[in-house]
Amino acid sequence: MIHQSKEPGLLPTALVIANDLKVQRCDVLIHNTKRMCTANLIVTNHEAQSFPSCSLAKDDSEAYKDHCKPQRLEFDRVLCDVPCSGDGTLRKSHDLWRKWSSSMGNEFHLLQVNIAMRGIALLKVGGRMVYSTCSMNPVENEAVVAELLRRSGSSVELLDVSTELRELVRRPGLGTWKVNDRGSWFQTHEDVPDSRKNVILPSMFPSSTSIHESHKVYNSFDVNSEYNVPFSRNFNIEDTNNVNCDTGGISSSNSAQSLDSKFPLHRCMRIVPHDQDGGAFFIAVIHKLSPLNENQVIKVRKTENLLSKNRTVKLQEQCQHRIVSEVLDDNKLLDEQTKLSVANQTSKDDNLTEVKMASDVEYSQTESGDRSRRMDKLDYQHKWKGIDPVLFFKDEAVIKNIVSFFGIEESFSLEGHLVTRSTDNARRIYYVSKAVQDILELNIQVGEQIKIASLGVKMFERHRSKDGCSCAYRLSYEGLSLLFPYMRKRILHASPVDFQHLLQYRTINFARFADARFGEEAASMMPGCCVVVLREGNIMPYAVDLKEPMT
C-alpha cells in the first residue's frame, strides 16, 4: 500500500515496522516480504506490550524538531493483531477441536489489554489502531475494547466503520455477555467466587465501570495462581453442580443482574464463519483524539508488570503452538522453515543475521523419549540471544567505486542510505529509505533499544571472486527495481532470442548471439555485473544512452 508512486524508482515517505515475539516467525515474515523488494520495512523482535518508544522528547511539543526528525517513535496506523485462543480458526485448525477450552480466552485477556494499550500509547494523535483477533469470545474481543476505552478515557474513541467495505458481511459487536469459568457462567464480577477472582478479572465483564475495581484485583494478582497453569480443558462433570441450568448456565447469585456495557461496542465488527464461508474474526477501529495523560501511562505500565516476562513468553508460545495456522497453515509453515533452514546452511539469510536459539538445536532432535526433558530446557533457554547490530556503511572509497562502475546518477544518493550487519569487510549492503534512516538514527541515539531483525532491501553483494573486476560488489536482484532507473552503465538490451539463450544456457559464446551488436557490446564490457533487459522490437524500456562507454 505504501508503494503507490506513479514512477519507478521513487520511494514513499512512509515506512512499516512489523514486529513478532517469535524469532522463527520473524524468519518467515522476512522470507515473505523479500518478494516486495521494499526499502521501507523494518522487522523487529519484541514483546509487543513492551515495544520501545525510543523517546528523546520531554513532551509532545518536542516530538518533532531538528528539521522534522522524529524524537519519539510514533505511528500513524497500528495493526494490533493480538495472540488469542483462535477459536475462529476451527474450520482449518482441526487440532484445536480437542485442545480448546473456555479458559483460553480468560488467560489471554490481560495480555491482550496490555498489548493494545501499548499500541495506543505509540499511536499519534489523529492516528488509528485496528484491534483484531481470530476469536469469537467476547472476553478477548468486546471486553478488551471496553477496557481500552475505560482506561483511555476521552483520549480515544471507537469508530463506526459500518459504511466501509460494504461487501464485507459483518455483525455488530456485543453489548452484553457472560463469562465462563470451569463450567460456571457469571454475569458480574461479584458473582465470581473469591478463590477465582484473581483469574476472572472485573474487566472481563460488560458491567465493569471503574478501573479502581480492576486495580484492587490486579494488586493482589498472584502469578503462581491457577491462572498460570498450562492450557487444558478445565471443565469437570462435578462442576455442573455450580451451574444453574434453568437460567442457561448463569450463576444463581442473587446479585447477578444483566448489565450492558456503557460503551458503543456495537461499532465493533464480528465476522462469523457461516456468513461468508470463511473464518471468524473480530475487528475494532480506535481513533486517538489526544495524548494519554500521565496517570493513564502509569496504569499501563503498572498492569504490564503484572505479567512476568517468563509467563508472558509462556502464554505467547502456548498460543503459537496451538494456533500457528492463524498466519500460515501448519504444513506451509513447516515447509517455509525447512526451506529457510536449508538455505541458511549454504548462505546466511540476506537480511537477517541468524539468531541462534536453543530451540533450533533442540527441535533438530527427533527422539520422542527425551521430548519432555527438552521442552523443560527449552522454556529455560528460550530467550533472545542477540542480533548483529545495524551499522551505517560509510566507506566513501567503496561507495564512489560503486557509483562510478554502474553509472548511478547523483539524484539517487547512496550516502547515508546504506547499512550493513557486519563490522568489517561487509558481504552485503542494504539500502534503506529516508524514513528508515531517521528511525535508525533515533535508535542509535537512545542506545539501540529496538531489536532489529531485518531492514531495507539488499542492493549490493560482495563478489566471492573478483576475476579482474574493478568493482568488489555486484548488484542484487532485490534492489534492482529501485536502482535501475538511475543506472547509466552496465546495461545491455537483448532480443527475445538472445534473452532466451541467456536463460537456457549457463555459458554462451558472445559470437553465438543472434544479435551481433548485442554480442559486441557484451564482449567489450569489463568483467563484472551487468543488467540485461529484454528488448521488444526496437523499443528500449528505458531511455539509456547506448553511445556512452559501457565500461
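Using N, Cα and C of the backbone, Cβ positions are placed for all residues, glycine too.
A TrEMBL annotation is a machine prediction, not a hand-curated record.
Cβ-based neighbour count (10 Å, all protein chains) for C134 (active site, nucleophile) stands at 24. Taken from TrEMBL, the feature active site, nucleophile covers C134.
Per TrEMBL, the feature S-adenosyl-L-methionine binding site maps to D20, D81. Cβ contacts within 10 Å of D20 (S-adenosyl-L-methionine binding site), excluding its own Cβ and spanning all protein chains shown: 20. For the recorded site, D20 (S-adenosyl-L-methionine binding site), the DSSP three-state label reads coil.
According to TrEMBL, the domain 'SAM-dependent MTase RsmB/NOP-type' annotation covers 1-289.
Between C134 (active site, nucleophile) and D81 (S-adenosyl-L-methionine binding site), the C-alpha separation comes to 9 Å. There are 15 other Cβ atoms within 10 Å of the Cβ belonging to D81 (S-adenosyl-L-methionine binding site).
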